[in-house]
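Here is what TrEMBL records for this protein:
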- 1-20: signal peptide (SIGNAL)
- 67-108: coiled coil (COILED)
- 127-147: transmembrane segment (TRANSMEM)
- 153-195: coiled coil (COILED)
């Protein structure tokens, strides 16, 4: 029994090695090469080809493996494609937001907020210079009115001073006249008492 085992063991290893080499070679070949190889190794019977079941099973297994591998590859690529689409959509949205922020920044840079209302710098400058011109016009008008009023006031004060001088002269003259009249009256009274 030991002899049988010893004799069959090397035979088993030899067969296993050959089978392993065949399966390794089969896996390295493309499906087209495997089909050609199966066709070449098959026997002919009339117009038919007789293919070994093991070769056919191996070919079927390899085809199914290739199909499942391709399906996996397709699924992986579809997932990658979906991820790339999502990434592109995200980047587009990000670009849109960035462009909107840029437009808002340019608008803020080109404008000035007055009482919470954003106006362009040109409109702001026009309004401000318009207000300055109006204020200068009003200031000039008021200054003219002030000078005119000041002249009138000075003239009135001068007239009043002249009138006060005249009034003072009139009072003095009146007082002198009154004093003269009193003296005359007193002299007449004194004459009438003596006489």
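For all residues, glycine too, the Cβ spot is worked out from N, Cα and C.
Model, not experiment: these values are computed from the prediction.
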Remote residues contacting the coiled coil (153-195) - C-beta distance under 8 A, at least 6 residues beyond either end: none
Mean of the pLDDT scores, which run from 0 to 100, over the coiled coil (153-195): 91
